[in-house]
6 protein chains.
Amino acid sequence: MKVVLSLGGSVFSDMEKIREFAEAIETIARENQIFVVVGGGKLAREYIRRARELGATETFCDYIGIAATRINAMLLISSLPSAAKKVPEDFIEAENLSKLYKVVVMGGTFPGHTTDATAALLAEFVKADVFINATNVDGVYSADPKLDPEAVKYDRLSPHQLVEIVSKNSARAGTNIVIDLLAAKIIERSRIKTYVILGTPENILKAVRGEAVGTIIA
Amino acid sequence: MKVVLSLGGSVFSDMEKIREFAEAIETIARENQIFVVVGGGKLAREYIRRARELGATETFCDYIGIAATRINAMLLISSLPSAAKKVPEDFIEAENLSKLYKVVVMGGTFPGHTTDATAALLAEFVKADVFINATNVDGVYSADPKLDPEAVKYDRLSPHQLVEIVSKNSARAGTNIVIDLLAAKIIERSRIKTYVILGTPENILKAVRGEAVGTIIA
Amino acid sequence: MKVVLSLGGSVFSDMEKIREFAEAIETIARENQIFVVVGGGKLAREYIRRARELGATETFCDYIGIAATRINAMLLISSLPSAAKKVPEDFIEAENLSKLYKVVVMGGTFPGHTTDATAALLAEFVKADVFINATNVDGVYSADPKLDPEAVKYDRLSPHQLVEIVSKNSARAGTNIVIDLLAAKIIERSRIKTYVILGTPENILKAVRGEAVGTIIA
Amino acid sequence: MKVVLSLGGSVFSDMEKIREFAEAIETIARENQIFVVVGGGKLAREYIRRARELGATETFCDYIGIAATRINAMLLISSLPSAAKKVPEDFIEAENLSKLYKVVVMGGTFPGHTTDATAALLAEFVKADVFINATNVDGVYSADPKLDPEAVKYDRLSPHQLVEIVSKNSARAGTNIVIDLLAAKIIERSRIKTYVILGTPENILKAVRGEAVGTIIA
Amino acid sequence: MKVVLSLGGSVFSDMEKIREFAEAIETIARENQIFVVVGGGKLAREYIRRARELGATETFCDYIGIAATRINAMLLISSLPSAAKKVPEDFIEAENLSKLYKVVVMGGTFPGHTTDATAALLAEFVKADVFINATNVDGVYSADPKLDPEAVKYDRLSPHQLVEIVSKNSARAGTNIVIDLLAAKIIERSRIKTYVILGTPENILKAVRGEAVGTIIA
Amino acid sequence: MKVVLSLGGSVFSDMEKIREFAEAIETIARENQIFVVVGGGKLAREYIRRARELGATETFCDYIGIAATRINAMLLISSLPSAAKKVPEDFIEAENLSKLYKVVVMGGTFPGHTTDATAALLAEFVKADVFINATNVDGVYSADPKLDPEAVKYDRLSPHQLVEIVSKNSARAGTNIVIDLLAAKIIERSRIKTYVILGTPENILKAVRGEAVGTIIA
């Protein structure tokens, strides 16, 4: 099976977390090919904030953010014996590396894309069997659960429903969006089986095993 | 002055058009630095349609589309004595080339971005004085003028208004969107002076001279 | 067995043809390693003609032609599940990719080389067991069969005879040359078993099976 | 005049410091070509420590350290209007960029080299008129001033004396070495005029003006 | 004026010769842009002979020959203060470097091309005003002067005559060909003013000044 | 088992030697993964000497030396059917190639590193089981055996002892150092099992079999 995992940069603030995720990834790699796309997390936010203050354009800040995701990717690779040490710079390179290593870890690729969108494009490109979006909420809600006590979590959504919910929420200022619109549209057009889960090693393993967890888009 | 021009691929179906646009670009280059971002046009559409039929993923189709924009860029370069012969692959390379040549012509860069978004990111990156979006309508309308006879053309919009109009129209299926949402958001965040014009050599020259043409976003 | 196939760009004008060739290539790939070198065909001719008219040098036209072959390569790749998605840019990269994928598709590489010459160099580099030159005539003739009714098709030629015939015909203006002189010389120096065949999927399969078809140079 | 400045990563912990150094660098750039080589500082140390704990080899840690220096370089570039946005990856690229921009900022280049050694090699390569090593002590001492109260600061040293002092101090465990041995040997072999100074914007400006500051190796 | 000079590798066996050629090149560079394409000479021949003996294919030998030309290029660069230190790998890169440096030195580029053909393609690409082919005979002869005492040296040839003479001589075994056929054909198609001269610094300077020397193809 | 072999450039002066080493390397490759790092030998020395005389900086001479090691690597590859034809430019690329080919041959990588240091870094990076340093003496001595008749050869050293001996000998002018200090320090920090041997094919095979030969650092 081919698995693409989008892993937010927040993982990288804690050594214990990195170790646990690495263990889960290696477990998955025993019987699957896994691609991980990591975010820039605190490091990216901090450097971008400072670059912006110093006068960098937003696009140059994006380049800095990409550099941060790549350092995070290298850190994760340090804990993964099965991973390629090369952080691929595009999807073609990622696929080639996947013929040599059970685990391929990517960071960002090009200004203007989020980690989620990069991961969704990668999932589409390699024809992933499953795309796991590890986030900090436990699934897709009808509204932001922190703002709206009546928000309902969906167990299952069609790709089209996902796009509708994300579109609607994207429009509202200050809303916590669990997956970005471009990513949702890619999931829709390519009908990749997707899990939006609370990012824990256990949940990732569950999603790989096809168990009910978070929101399944299928 | 630094000018970024987004030029749809439709230009490339007609030799006379290429020559006229080339002449306008060379005229601008006499006193300005100009970057042109070209689309894939008919060539891209044709090859993507066929690749899709043959089983390519959408992301691989994007790679094919990028290759098409780059051939179009090379064709335009053939008619521009002042242009770099290298089609840059990212914004940093584009800026470096602009120190050597008065005209730099780019195509697409990375899967998942439109020509407009690429051009807007480039305009932001090089701190362009003006971003000209040469389209096939004569400006931004309140609704699609082909569908809605009461649609009104705007002469002037704030960046925020642009984002709102584009967001609203993006949501409606089958609507002809004159600029894409990511491009609009980049214009908003970086406050780049933008012209949305009917793409003719004359209109481009007018926009460079700061005359009223199309819709000005400022 | 290692097979190198030179496939003229004319294939790419017809979807049905692409599908049939792709099927033949996949059949070959089941038991062999196959490299395909594709030409630029109509796309290359069209863009080069226009670039030349716009003032491009012949060498820059070559760059455009190479870009066209690469788009054609990507289109063929779209129909080949076993092929690398990377279009290699030199022979070393092609060989490396062949360790990962049963099919590797190349386009042109460098100004001044034809598709045939590129394919012959590749065949030499990877020590191909057989080099198949798929053309639009059914073999090598003593003279151009369209001009000379007494032209005789050869079933078998030595590499040296091939060079002599190609040399002789190259000298005559307007003659239809089935393989170019540099390609013939490479075949001679490296003694690669070569088939010059009318390019149909059936003929390609025959050549791979070692059956009598077209002209065999050995 | 061509100036190469080695700037430790410690600068990057403080926004005010970055701004002051940037101002000094821009001042120098008005009448000189300046190359800055920045270190990885706290970011590199932190990520390397964690990578090592996770099982990375020292050489892979070096790659991570290099990535960190490059992010720092991008941050400094954000504050320098005259700088190339490209962080060059070798000395040839750095020299080429210096023909386009008054300021070129590099990070690390290859595993196994310190910032100082990289900067000294760059100074040699571009035939710098002056190499300024901005450190956290105010010059070269006969011994580590923190350990030996009788340590004497040198105002002036020959390149050969520098190598001798650095060699002697390198041998002693726990000694604070102000410049590394490879850097010292490069200074010796190429006789580059070198200042070892306490890294403040004022001191850097003094060194560029040829005033007495820190230790001068000539 | 733009000058392209093809310089055989034989120059590199003698330090005094390198110095004299370097001086001539620097003289030319004072008022012109000059590109030099150097051959592999004895170094290439020696390494290719040995590689072939060890079992390398001819195409891999070509890669080795290219590597040899590049070392020769670096040696020549060592004696040229005005030259780019980067040895460009294609014509586009060469043109870009020529905007930064008065002298650009190339070696070989791709398997299957001679130094002469590479130089002629470069001359065509950059629209050189003059192409100087520095050889070991004093011009183009009607036949090989070493074999045929009645061979006549031409002072002036049309491009078409050059192609005819080279074609005729190429066909005869053991004939000393002063310029290769591909190079001759490129000269013909692009009508580049060409000097075939005995390669001495004086003759090169004469050719640049437009004086009668060797054979002029125009 | 993973083997890294550092092979001085002196091998490349003699065809018979190359063949014998190639045979040994192929023998090892039957049951192991082997990486070879080759030096520049006479070719590098000769070209560097001449470049220096012509005015090249030492760092540019280093680039020339690296180019020479890469030609030597290509020559060795010519005799090795199991080797990658690509000479990797960094350690990550070397590791990737080792997944495709039983033998990977590298040359130098970056200015400022010796062959030994490059090989030691590679050994560390790929977590080699054994690092074999093939030199022109039969092991590590207490002093230079040519200068000091009482010099004692060590059969076994700890990594720390190696560093001490190399440090001590580095300090003495004109001393023949069998391994450079950076290489020794890398061996120490990564505790790679190392053989310093007289470079003959037999000794290399002995070292791979774990037999007593030269000096073992463990």
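Placed from the backbone N, Cα and C atoms, the Cβ positions cover glycine too.
Remember, TrEMBL labels are computer predictions, not curated facts.
Taken from TrEMBL, the feature domain 'Aspartate/glutamate/uridylate kinase' covers D:1-197.
For D:Asp144 (ATP binding site), other Cβ atoms within 10 Å of its Cβ number 16. Sequence annotations record features per position, and here TrEMBL assigns ATP binding site to D:Gly9, D:Ser10, D:Gly41, D:Arg45, D:Thr135, D:Asn136, D:Tyr141, D:Asp144.
If you look up TrEMBL, you'll see D:Gly40, D:Asp62, D:Thr109, D:Phe110, D:Pro111, D:Gly112, D:His113, D:Thr114, D:Thr115 marked as UMP binding site. In sequence order, D:Thr59, D:Asp62, D:Tyr63, D:Ile66 constitute the residues six or more apart from D:Pro111 (UMP binding site) in its chain with CB-CB distances below 8 Å.
Here the candidates are the binding-site residues D:Gly9, D:Tyr141, D:Asp144. The one whose C-alpha lies nearest to that of D:His113 (UMP binding site) is D:Gly9. Counting other CB atoms no more than 10 Å from each candidate's CB, the binding-site residues D:Ser10, D:Thr115, D:Asn136 peak at D:Thr115. Proximity of D:Gly9 (ATP binding site) to non-local residues of its own chain (separation of 6 or more, Cβ distance below 8 Å) is seen for D:Val38, D:Gly39, D:Gly40, D:Gly41, D:Lys42, D:Leu43, D:Ala44, D:Ala68, D:Thr69, D:Asn72, D:Thr115, given in sequence order. Ranked by how many other Cβ atoms sit within 10 Å of their Cβ, the binding-site residues D:Gly40, D:Gly41 place D:Gly41 at the bottom. Cβ contacts within 10 Å of D:Arg45 (ATP binding site), excluding its own Cβ and spanning all protein chains shown: 14. If you take the Cα of D:Tyr141 (ATP binding site) and the Cα of D:Thr109 (UMP binding site), they are about 29 angstrom apart, rounded to a whole number. In the three-state DSSP scheme, D:Thr115 (UMP binding site) falls into the helix class.
Each of the binding-site residues D:Thr109, D:Thr135 was scored by other CB atoms within 10 A of its CB, and the lowest score goes to D:Thr135. Separating the Cα atoms of D:Arg45 (ATP binding site) and D:Thr109 (UMP binding site) is a whole-number distance of 17 Å. Residues from the set of binding-site residues D:Gly41, D:Pro111, D:His113, D:Thr135, D:Asn136, D:Tyr141 situated with their C-beta under 8 Å of a chain F C-beta: D:Pro111, D:His113. Per-residue pLDDT, averaged across the domain 'Aspartate/glutamate/uridylate kinase' (D:1-197), gives 93.
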